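Before any comments, here is the structure.
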Amino acid sequence: MSGAALGLEIVFVFFLALFLLHRYGDFKKQHRLVIVATLLAWYLCFLIVFILPLDVSTTIYNRCKLAVNSSPAESNGSYVTLAPSKQKCFKPWSYIPDGIMPIFWRVVYWTSQFLTWILLPFMQSYARSGGFSITGKIKTALIENAIYYGTYLLIFGAFLIYVAVNPNFNLQWNQLQTIGIAAANTWGLFLLVLLLGYGLVEIPRSHWNGAKRGYLLMKTYFKAAKLMTEKADAEENLEDIMEEVRKVSESIKYNHPLRKCVDTILKKCPTEYQERMGRNMDDYEDFDERQNSYPSEKSLAKLHKQVIYSVQRHRRTQVQWQILLEQAFYLEDVAKNESSATRQFVHTFHSQEPENKIIQYFYTPTVEWYWECLLRPWFYRVLAVVLATFSVIVVWSECTFFSTHPVLSLFAVFIQLAEKTYNYIYIEMACFLTIFFLSICVYSTVFRIRVFNYYYLASHHQTDAYSLLFSGMLFCRLTPPLCLNFLGLTHMDATISHKNTQPTAYTSIMGSMRVLSFIADGFYIYYPMLVVILCIATYFSLGTRCLNLLGFQQFMGDSEMTSDLIDEGKELIRREKRKRQRQEEGENRRREWKERYGNRDDSTRSRAVHTEQKESSFTETNANRPLSKYTRSNGRTERDRIELLQDAEPLDFNADSVNDDPLESDSGR
């Protein structure tokens, strides 16, 4: 059973990471190496979060077993018990045998560090490169990362020289390894506290505001106005880039050495632009016949990079606009159905995607009305209160976890109470809920944050390769300090508890932080207190106000700019709604016409075909008659027909001579 628990969590976490990556990435269009690297980074980070509670319960059992088996004389040795028990220790259902967890953590940790510091930065540059070959992309990635890697090597080399020259330091390889781990965790902890302070306040507040009537609709109007601006900018940028591609395609002909590069660029363009450029191409002219200045391969690589970025951005804004329209229409339906007397949810537009029959059977219009108009606001309020309670507990524990006598961290109190009774189910559930809430606060901020258009995790398969790889880097750098912070909150870390007890397997691979006492006793303990200041700043929306002052419009209820954007978004949604209604009305009329006159149209079509056959047979019969007789009898009719069609028929200006009277040419024939 012990191995089954570990195996089930490994499989479950893999499918969880695969599901999230499928939601944000695009398996069909993105490179396989990008998908595999991002999936591996996400999978390892989620795996650490899910497996760590099993490590805690196994460590508590090992402590109990050691306390029971040790004599009083031995209890004063290398290990001391936290709560001596005269009862026999019960093995937890998820017990992991000795020797497995240290190897497991060592493989997971060093693989994630290799990804975040070496492989993923290189793949970021490789994915954004505009090179036309694998060798060119690798060369570009190495050049871009030379400064990145060189800085770390310079710092590490200077540190090694300092240690070798200074006689006061006698560091071994294990201690150097611990210093490297401490440096990586310090950088991660610095970023962790910033993201955690935002998530602890924003997650409960977003659920509380979601329960307010009209709040989500006003925010959707605001998003619509901003997204329309971004959408227009993306379309204009794409038009400019396509114009440059057209000029390059016309200047570089079929037999030019760089024509393969141009064809590669054209394949990345949208289909309508490819067809338009294909019609204007003139491949009959050699590039040597004109003395033009042709672009270099480097400039084509830059253009290739711009094409990839502009096409991805244009596609993303188009998809997001359609999703935002559906969301706005649905929220307007919710506001309209709140005053419904029939208590049945009525949609303005039918869903464009086919719904599941099982969902239609259970989620009826009546159930939908009770959920959307009555139950969902209360559910969001209760959930917001629960999340706010967890946030308060986290903030209190972050400020008091260094106190061991008395124990002030509430998470440590819960774990120690369960440790006295060896209730492993409670221990694992308490550990899982604690680290899961911390992970949600941190990871959700990573998914929400947006750095202009360079880093942006967009759902519905609209995230580019650069943003996926960057998110994998952030996860790998944030997860180890997050787990160490969790172990500190629960006093399972000997560095925090100041007790000579058996450490967890995860802590053992990190090494003893006593090598760097100013980090272990200073930064790790006092820096997390900064989360209080960050929570206060987030509660009063200081960051949002600063961005507003800098010109980045943010949703604020007391801002005049926000009100203007809400009105603009409301007008945009109203315009799109009228357009959608006209389309549906036209489709309904065509459907009704087809249902009503479908048989009559078929009979009319059959009669028309029969008439055409008779006329064709009549024409074939008359064709065998003498031409003079046909001309004399039908001359007037032929003249009238030609005069009616004279304006409609195009003139052939390339002919040798043009006759004024079309009858002359006809009679001549």
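Just so you know, glycine gets a Cβ as well, placed from its N, Cα and C.
Among the features that TrEMBL reports, transmembrane segment is placed at 6-21 (among others).
Look at TrEMBL and you will find 33-52 (among others) tagged as transmembrane segment. For the transmembrane segment (33-52), the list of distant contacts is 6, 9-10, 12-14, 16-18, 20-21, 25, 27, 104, 108-109, 111-112, 115-116, 119-120, 123, 127, 431-432, 435-436, 439, 465, 468-469, 471-473, 475-476, 478-480, 482-483, 486-487, 506: same-chain residues at least six beyond its ends, Cβ to Cβ under 8 Å.
TrEMBL lists 103-126 (among others) with the feature transmembrane segment.
Listed as Cβ neighbours of the transmembrane segment (146-165) (distance under 8 Å, sequence separation of 6 or more from its ends, same chain) are residues 117, 121, 171, 176, 179. Annotation source TrEMBL lists transmembrane segment at 146-165 (among others).
Annotation source TrEMBL lists transmembrane segment at 177-201 (among others).
For 378-396 (among others), the entry in TrEMBL reads transmembrane segment.
Sequence-distant contacts of the transmembrane segment (425-446) (same chain, at least 6 residues past either end, Cβ-Cβ under 8 Å): 49-50, 52-54, 56-57, 60, 92-94, 192, 195-196, 198-200, 202-203, 387, 390-391, 394, 411, 414-415, 418-419, 457, 471, 474-475, 478, 482-483, 485-486, 489-490. Here TrEMBL flags 425-446 (among others) as transmembrane segment.
Taken from TrEMBL, the feature transmembrane segment applies to 466-489 (among others).
Per TrEMBL, the feature transmembrane segment maps to 523-542 (among others).
Sequence annotations record features per position, and here TrEMBL assigns region 'Disordered' to 576-669.
Taken from TrEMBL, the feature compositional bias 'Basic and acidic residues' applies to 582-617 (among others).
Annotated compositional bias 'Polar residues' per TrEMBL: 618-634, in sequence order.
The annotation compositional bias 'Basic and acidic residues' is assigned in TrEMBL to 635-644 (among others).
The compositional bias 'Acidic residues' annotation in TrEMBL covers 658-669.
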### Message
Is it true that the transmembrane segment (378-396) and the transmembrane segment (523-542) have 3 or more CB pairs under 8 Å, sequence gap of 6 or more?
### Response
yes
### Summary
Per the Cβ filter (under 8 Å) with a sequence gap of at least 6 from its ends, the transmembrane segment (177-201) is approached by 113, 117, 159, 171, 391, 394-395, 438, 440-442, 444-446, 449, 474, 477-482, 484-485, 510-513, 515-516, 519, 523-524, 527-528, 530-531, 533-535, 537-539, 543
